[in-house]
Amino acid sequence: MLFKQQALLRQKLFVLGSLAIGSLLYLVARVGSLDRLQPLCPIDGRFGLRDQDEIPLRALQFKRGLLHEFRKGNATKEQIQLQNLVQQLPKAIIIGVRKGGTRALLEMLNLHPSVVKASQEIHFFDNDENYAKGTEWYRKKMPFSYPHQITIEKSPAYFITEEVPERIYKMNSSIKLLIIVREPTTRAISDYTQVLEGKERKNKTYYKFEKLAIDPNTCEVNTKYKAVRTSIYTKHLERWLKYFPIEQFHIVDGDRLITEPLPELQLVEKFLNLPPRISQYNLYFNATRGFYCLRFNIVFNKCLAGSKGRIHPEVDTSVITKLRKFFHPFNQKFYQITGRTFNWP
Ligand code: A3P
């Protein structure tokens, strides 16, 4: 009997020991694979990145942690100077389009070790009051970063605001401009859904999309409706082209960013002259959310807030057809100007 109990105990200890060793080996393998997934390689010099600026991944992760503390304001001036941290004006701006996937794009680009995002929409160029505060005010709104990193800001209102192209041009005529677009009718409905949700939150009633998008007098598309106007991408882009050559823009396919984000992000890395560092490891599909979420490392994952990826209300098919027909010629012009063609109906 005693012998049987001892044997059972030995068996249990053996199983527990194997489990512990197995977990340890798994962890070692995972940490190792992290380094392999984002190998070190020289960084291209367009943004002033030099070989000696290279930081090994673990150091980068450590520094990212420190950056987090600085952003939270838990750092003294001395610490900031010691770490060589600076607040830099953006080298690239996501100028729009509202509901195109601007937040997802910014957050995904922020996975890149050479990118630092301005978390909030700054609204410097589209808001007269902010703009009057000057470029130094704008710079001070930027997060702390290392000199070799690039800062990216997103304020989707920039794309449609009259004064913005000239103002950005005056600050930096060689800035890189990112525009993320979706199929125009879907984008307009997404825009409407956001406003509708705001009204519902305040217990207010709101019109149906159909009523806003179609002029009841003419039965034609209501071009005075902002959600419709914003989706006429070519009209807005033409204003920007008075200041910036088309080479300074990169168009991101917002519909593809939802279903297949990596290739879209790789195109952006190329446009920004960044070495390819964002990998499939950094993006995983979350079936509950129905969207890709972000994986920074073995412990830190995040999905976008619930306000991203709302369920759209059903819209009358004849209205959708009318809108698609309306947008068609503008889309053709947009493809022609940008050199990027989409399968929009
Ligand atoms: P919907 O709410 O219409 O689905 P923006 O950030 O410019 O406001 O865009 C919001 C849109 O980003 C959402 O529109 C959603 O479809 C899209 N999106 C793209 N990738 C996403 C992701 N990984 N998680 C959540 N939303 C994402």
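Along the chain as shown, the residues are counted starting at 1.
Here the Cβ of each residue, glycine as well, is placed from N, Cα and C on the backbone.
Note that the coordinates shown come from a computational prediction; the quantities given were computed from them, not determined experimentally.
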**Message:** Identify the disulfide partner of CYS303 as annotated in TrEMBL; candidates are CYS219, CYS293.
**Reply:** CYS293
**Request:** Give me the Cα-Cα distance between ARG310 (3'-phosphoadenylyl sulfate binding site) and CYS303 (disulfide bond), rounded to a whole Å.
**Result:** 14
**Message:** So among SER190, CYS303, LYS308, HIS312, all listed as recorded positions, which is physically nearest to LYS99 (active site, for sulfotransferase activity)? Use the C-alpha atoms.
**Reply:** SER190
**Pairwise Cα distance maximum in Å, 3'-phosphoadenylyl sulfate-binding residues per record: LYS99, GLY100, GLY101, THR102, ARG103, ARG182, SER190, TYR292, LYS308, GLY309, ARG310, ILE311, HIS312** = 19
**Item:** Integer Å distance between the CA atoms belonging to CYS293 (disulfide bond) and GLY101 (3'-phosphoadenylyl sulfate binding site)
**Value:** 13
**Prompt:** Can you check what DSSP calls SER190 (3'-phosphoadenylyl sulfate binding site), collapsed to helix, strand or coil?
**Reply:** helix
**Request:** To the nearest whole angstrom, state the Cα distance for the pair HIS312 (3'-phosphoadenylyl sulfate binding site) and CYS293 (disulfide bond).
**Result:** 21
